[in-house]
């Protein structure tokens, strides 16, 4: 009888793991278990009555690098090529990003000319920060905060404005707590290998082999900065779900796992309330802190490690305006914590993907609120209600973008514990977890955003790697 592998979690990581498990030469029986009623995790797209698409989670995927190429290959394999909406390299959403500082939108400098010119909010041309960086010695610590790393190598302004904002945009987190080694491994490795970030990025880490397809070649030729799908990004997990169902994968949704136990013969028993399943191996693609509550007593040391990987909550407010215009054209803007801790940034959805504006076309923007700073709002006595988030989002859109008329449509969603925080020393937690799994020969593989990347590409790759580890061979991709 063949092996049975249970995949916990029907987000994009669990779906990708299941997809690659069944592509091996001798695929196991795969059972995907999801606690909620829907699959796709944080990727969720809602279509308005006018046909406009509102993304409640991720809204674009980067095609760059080996991981970006692998995701595009997946899109082709699922037959979604005709649905792809690219943002080409010459598009304003690819070229223009802004910081909101001192009550003003400032374009981030790009290209050599931009680096040589004074570019507010920075007091000097960023060329000087780059020159300073080239002359700095290599750091000696095995890890440090993003803020400390950026301040040491690039100066206080880049640290407190650019890197602070970037951490808020990517992780909804505090650069003074997040780990440079785990959050931005390419920057950490560049310094370790070449003594300089700039030298490291220029010389590169060597080209890793990349998959090839007509879509990948097109993305490269047209220098895509990101892409989406015509019906919204949720089309991707939906297509994966349909593919899995067609290949005989058992998909159980609305089935929260109550506990995991090891049988005497080494198989897993997965308790689902009033029923249970058995498996030879488990791939866990649920958050680390959730898995820590399910593990049996034999895995208590692992549970303790996983319970320390925390996540923050983000309020996402989608706003739609009739007959309104943006003061600038670009991807969006970020807000450093020194300016407005509550507002992380605003994405200009209609600039990147006007095809999703509906009929008649409208202006769509998305305001991100909270993250690490949500706990401070709560501590200050604020009731974290949809009304509060809508008010804060509309005020931000009015103040920062001049959108003073009330929106014609508004969606408010609080995503609880949606973005894991790789705080300083995160790499040691991962090392300890892997050492425990290896030493105990536990038939458990970890995947998902809790470990080595929170972006969609990272999650898809973590699912693929988990499947490869279980199969003991590369899947057919």
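Each residue, glycine too, has its Cβ placed from N, Cα and C.
So that you can see what the record holds, here are the features copied from Swiss-Prot:
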{"type": "BINDING", "residues": "9-14, 42, 57-60, 257, 449, 454-456", "note": "FAD binding site"}
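By the criterion of other Cβ atoms within 10 Å of the residue's own Cβ, the least surrounded of the binding-site residues 449, 455 is 455. The Cβ of residue 58 (FAD binding site) has 20 neighbouring Cβ atoms from other residues within 10 Å, across all protein chains displayed.
Looking only at other Cβ atoms within 10 Å, the busiest spot among the binding-site residues 9, 11, 60 turns out to be 9. Take the CB of residue 13 (FAD binding site) and look out to 10 A: across all protein chains shown you find 30 other CB atoms.
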